[in-house]
Every structure is written in structure tokens, then in C-alpha cells.
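Noted in TrEMBL for the protein shown:
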TRANSMEM  21-38  transmembrane segment
TRANSMEM  50-68  transmembrane segment
TRANSMEM  88-107  transmembrane segment
TRANSMEM  128-148  transmembrane segment
TRANSMEM  160-184  transmembrane segment
TRANSMEM  210-234  transmembrane segment
TRANSMEM  254-271  transmembrane segment
Amino acid sequence: MAGTSPPIDAWNYILFSIEDIMNVLSIPVICILFYICIVQRNLHVNFRCLLALTGVGHLICSLHRLILVTARMCCIAQQVTPLVSKLLVVQYVGNNLAVFAWLFVTIERAIATVYTSKYEKRCKKRMWPIFLCSSVVFLAAVVCYLAQSNLGKNFDFYIMGIHISLVVICFVALATIVFFNISAYRKRHTTMMQLSNRYQLDENIRGSRYLIPVALNDVFVKVAFILLMAYSLFFTNIPLGLDTTHLSHAYDILWAYQRIFFGLALTIRSQKLDHIFRRRKKTTKAIEKHAAATDKYYVDLKEMWS
């Protein structure tokens, strides 16, 4: 049976337009992140593959919301048909893919921290990124299948709670990994650490710090999401999942912001972009100035004796 969506007024068009703009902007940003994951070879291949898979999940969500919102604004998807309902599964797949891939990114960093001396040698084969990415896809597929199996009307809220818990756990784990690696790096001289292990520790620190802003932002987004749900539940007396007011746009805009922040933060903080836009160091300028002065001296000397 097809139902009718709530009528669209001027505020709906404005809020839909804001979400569409954010979704459009997130698509090229995430594509740039894919390029960075390919060319930034100083990070481990497992790390880059899982990070790219997280971007795939966010990209699926952005494309789905862009198509659905544009269709609603053009009055194509005003009827809640079975096709429109099935398309929501696409967003569910993308969301689960992003969450579980992000979890495995954190796990990969934890493994690299625990097995600092062995990780680079033993986990650089092609089978490891294939195994890790396959595990992420399998977990996301299982959750999506269970969600479509009508296990209960509260199953979605259980999954929501799991997602919120995983986001908090990932942030705490990444912060712990950074502090642990920094502490180990400071003791490198007293422990007579091998040079290869120092390089691995440095990579662990850079990789974990690279993720911290995104992990912290994810926590803020989840906190804002919980506050919105609490407001909707306690102040509007609308059951969860049934809000069709303008407040419902806040959830979609919040997720769109999370996706665009993910791509922007990892792109701006990447070493590849830093190499392009960074200023030349003072030592480089001093060497170039000295070289220019030396060349000028020999040119003047040659002219004087010619």
C-alpha cells in the first residue's frame, strides 16, 4: 500500500536545499579522499583500504539522500511507495558500512600498536586488506539482513544504541592509542629501540592523530542526535521515528554534516595536501639564499678577471 508523504511548504524546500547542497559538496570531497588513500603510501595499506571503505559507506549515504531529497522536492517521491521504502535500505547499508569500517580502522591501529615490531612485516600481504574489508562488508550485510527480517519494532533502536556505543569506544580507543605510542616513543632511547620500530611508532602516532578530529566530531554528532531525540520525545510528545515536523530535517542535516566533515577533515589533514600547500621552511630559504649569494660571488669574480 502506498501512503502520502507530508505536504512540502517553503521551510521544507529551504531545509531540503541545505541538505542537498551539503550532500553535493560531500561527494567530491570523499572522492578526493579516495585519491589520497591511493597515493599516500607512508600509511599502511590496511589502514588506507579501511579508510577508503569508510568513505564508500558515507558516499552511498550521500548519493542516496541526494536522489531521494531531489525527488521529493520535484514531487516525484511524494507517494511512499514500496520502491521508496526499499531505497531506504541503501542508506541503511551505507550507514552500517561506514560505522563498521570505522570500527575496523580503530582495530587496525590497535593491532599496529600492540605488534609494533612485527606488524609492518607480517601484515603487508594483499590478503590482509581483502580479509579486513570482507569482514566489514560481512558485518554490515548481517546487520542489514537482520533489520529487514522484522525481528521486532525495537530492533532499529538496538542497532542505533550499538552505533552510538561504537563511536564512543572508537574515540576513546584512538585517544588511548595516541597516548600509548607517544609514551613509548619518548622512551625510545632508554629502551634502545630499533630504528624500524621507531618508524613504526611514528606512523602509529601520525595515523591515530589523523583520525582524532573525525572521531571527536562523531561523538559530538551522536550527542546532538541524542539531544534531538530527547527534545522530540519529552517536549513534543511525538514517538521516536514518527516525527514529520520541520525538526525531522535536523537529523538529516546532522548526518550530512557528519559526512562532509569526515571527508574535509581527512583531506585537509592529509600529508599529500600539506606537501602541496605548506610554506617553505626557514632552513630551505636560508640554503637557497646562501646558494644564490655564492653563485653571484663567482659570477662577479669571473667578470673581474675576464
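Glycine residues also receive a Cβ, built from the backbone N, Cα and C atoms like all the rest.
Bear in mind that TrEMBL entries carry predicted annotations, made automatically and left uncurated.
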Positions on the same chain near the transmembrane segment (50-68), where near means CB under 8 A and six or more residues out: 19-20, 23-24, 26-27, 30-31, 33-34, 37, 77, 84, 87, 90-91, 93-99, 101-102, 104-105, 108, 129, 132-133, 136, 140, 252, 255-256, 259, 262-263, 266
Positions on the same chain near the transmembrane segment (21-38), where near means CB under 8 A and six or more residues out: 48-49, 51-52, 55, 58-59, 62-63, 65-66, 69, 253, 256-257, 259-260, 262-264, 266-267, 270, 272-273
